[in-house]
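This report concerns only the one structure given below.
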């Protein structure tokens, strides 16, 4: 339908005796150049503002800092004093029966269920990516830059992820395990972890 209309208007313009006025009309060209530019600017400005507002996380219950290294993750619970640990993959030779190969870690990230969690992600050496697909989270870890993301777990459980950026020879040995627990269990875990040394 659109092609037919364009062909009809083109034929009308070519057969008309006054076509020279339409073909050389600089005013028309100026209007159909400036008007779409103004419309695009009017669409872009609010869209950029909304894009930045979507990235803001209002009052999370917990802030977690994930730092990517070759080839493990370090975690800091910034709302707690001295609550940080390194998380390494458990080698296949030491893996308990029934656990997932290449996905289990020695220290899991524990978060409270039904609480907004902010994750600040960075790297200490090369590019990494903190990704837990079942939580809908993937954030690039870039040295010297802090990226943030957020998630809420709606049920208790264990969620598996991995580094999603090729970061070297042992890239596939950087699993991420997030354990979501009810708030009382999280509080007892954080108390126990902060009093003991890893």
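The backbone N, Cα and C atoms fix where each Cβ goes, and this holds for glycine too.
The candidate list 89, 174 contains one residue that Swiss-Prot assigns to the Cu cation A1 site with 128, 163, 167, namely 174. When Swiss-Prot is compared with the stretches 1-13, 14-26, the one noted as transmembrane segment is 1-13.
With DSSP states grouped into helix (H, G, I), strand (E, B) and coil, the topological domain 'Mitochondrial intermembrane' (55-198) comes out at 23 helix, 61 strand, 60 coil. All chains included, 21 other C-beta atoms sit within 10 angstroms of the C-beta of residue 167 (Cu cation A1 binding site). Residues 163, 165, 167, 171 make up the record's Cu cation A2 site, and a Cβ search at 8 Å around their centroid adds 68, 71, 126, 127, 128, 129, 164, 166, 168, 174 from the same chain. Rounded to a whole number, the distance between the Cα atoms of residue 171 (Cu cation A2 binding site) and residue 163 (Cu cation A1 binding site) is 7 Å. Excluding 128, 163, 167, 174, which define the Cu cation A1 site, the same chain contributes 68, 70, 71, 73, 127, 129, 141, 162, 164, 165, 168, 171 within 8 Å (Cβ to the Cβ centroid), listed in sequence order.
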